[in-house]
Amino acid sequence: MVVMKLITMKIFSVLLLLCFFVTCSLSSEPRNPEVEALINIKNELHDPHGVFKNWDEFSVDPCSWTMISCSSDNLVIGLGAPSQSLSGTLSGSIGNLTNLRQVSLQNNNISGKIPPEICSLPKLQTLDLSNNRFSGEIPGSVNQLSNLQYLRLNNNSLSGPFPASLSQIPHLSFLDLSYNNLRGPVPKFPARTFNVAGNPLICKNSLPEICSGSISASPLSVSLRSSSGRRTNILAVALGVSLGFAVSVILSLGFIWYRKKQRRLTMLRISDKQEEGLLGLGNLRSFTFRELHVATDGFSSKSILGAGGFGNVYRGKFGDGTVVAVKRLKDVNGTSGNSQFRTELEMISLAVHRNLLRLIGYCASSSERLLVYPYMSNGSVASRLKAKPALDWNTRKKIAIGAARGLFYLHEQCDPKIIHRDVKAANILLDEYFEAVVGDFGLAKLLNHEDSHVTTAVRGTVGHIAPEYLSTGQSSEKTDVFGFGILLLELITGMRALEFGKSVSQKGAMLEWVRKLHKEMKVEELVDRELGTTYDRIEVGEMLQVALLCTQFLPAHRPKMSEVVQMLEGDGLAERWAASHDHSHFYHANMSYRTITSTDGNNQTKHLFGSSGFEDEDDNQALDSFAMELSGPR
């Protein structure tokens, strides 16, 4: 009897062990190699803000982790942790994330060499390691990144020869290697935009246009949404002894089937969201109207940041905390279809410069056109000139130079060139460092793809419109130069263009008033009273001279924006001023400067720049005085 009990207990023990073995083997999964690679990356980085806090090495699913983006097939396609104060080194294990399309680790303190393993990522399209402390050479095998489109390694300490293999990447459209210690020569690139400024060993023997630094870009903003996680805790099934081996196996199989079914349903929901919101055009993201409607609280009036001739701008906030500015374009019924709209957007997106507002994405439908931009925390120059505390003189000078560089890029370095058509303080935005960022460029064409026989109104802002544009409808780079001159006067005086002269009960044209004070050497009467005595009188006088040069009556007499940049930086102003001062036209503008004739044949005299006639006009109101065809470059 005792022997039988012992035999029974041994058999039962064996069955119990088999039960747990089968249960564990069926319900467990092999370690995900992507998890292993990501944990290695985490372990080599110092994370002061805890952004990798939920990266669990025992997890089987990294798609629930922050800073990770996954495809509908549950594969890691994006790694992005910009501006998180990360330090340490970048692990070579990143090369095991073979499905990566985007790596965005800019604005950190990561040091060491760029791991050569990163060049083994066959699907990588975007690599941004800018503004870190990487050193050593750029891996020579970088040409293996055959799908790479966007590469930023600027502002590091990289050295060694300029990697000629970069020219072998067929789809590369943007390259920024500025401010490193690379040495030449520089080969020809398929990239439409590239920058090598700030590399002394290259630039001292290179052409000026290669090292002008005019193509430095705003950081690419990559949206990496965290996917919903799958259930990672497997219920430890402790089966009662009395149920036996067969019941244990059945329960285990049932549990695994249910878990996999739930995972598939979750992945379907994630896939639906990605296909709605991530249909991008190059580096642009295509948003759904529903996403932007939710982000802006239904485009509520409380979310409005500003209003202009092209439409309202709303503050938007996505679920991941990203804050953006959403411009809802008006008058879209007459615009062209999505194809032409997206083509124009692609051209705007190629205009990449630190002093140009970067386009993040768009929404295009039969009834809506929306553009999504980064949110500028310091607002516009127009709003800051009225805010407290007042902008100091050095900041105003910095704004003037930054805005000039942005327009210089649009006019002379962008291909095709872009004419802004509405240069004013409200369209010059300020980032967190009070760097000037030119906004609203290229929008005139987005809203004017009508048939050739259809006319459109002159677009601009009262007080900023050049006389030739108002009278003929023909715009050029010199139209923008005129508007920039008015902007300089606003920076000096702290007033809007229509307020010039009102402060001293001046009833004449405002430019004549400014010229009169300058000629009488009464510059201090022009300076914003909020500055007190904390400004450099010589610098104010020089900026005033540049403003007067920019606002000359004849477009041919105005300088190009490249010349404006040089003069603001202290080069060539005296010579240009002396030459212009000799022309009789400078102080005696033609009366047609202030008189225009309407298209119906009736003479209507309007003091374009005086205090009378526009006292009740709003500075943001677009002027639609005449219907006439616009032509010329973009």
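Start at 1 and count along the chain as shown; that gives each residue its number.
Glycine residues also receive a Cβ, built from the backbone N, Cα and C atoms like all the rest.
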Pick from Asn155, Asn378, Asn590: which one does Swiss-Prot list as N-linked glycosylation site?
Asn155
Swiss-Prot annotation N-linked glycosylation site: which of Asn96, Asn333 has it?
Asn96
Record-annotated N-linked glycosylation site (source Swiss-Prot) among candidates Asn109, Asn603:
Asn109
Is Asn96 (N-linked glycosylation site) helix, strand or coil when read with DSSP?
helix
Can you tell me whether DSSP puts Asn109 (N-linked glycosylation site) in helix, strand or coil?
strand
What DSSP gives for Ser383 (phosphoserine), in three states, is helix
Quick check for the class: what is the C-alpha distance, in angstrom and rounded, between Thr472 (phosphothreonine) and Thr296 (phosphothreonine)?
39
Looking only at the recorded positions Asn96, Asn155, Thr395, Ser383 (phosphoserine) has its closest CA neighbour at Thr395
Other C-beta atoms that fall within 10 angstroms of the C-beta of Asn96 (N-linked glycosylation site):
18
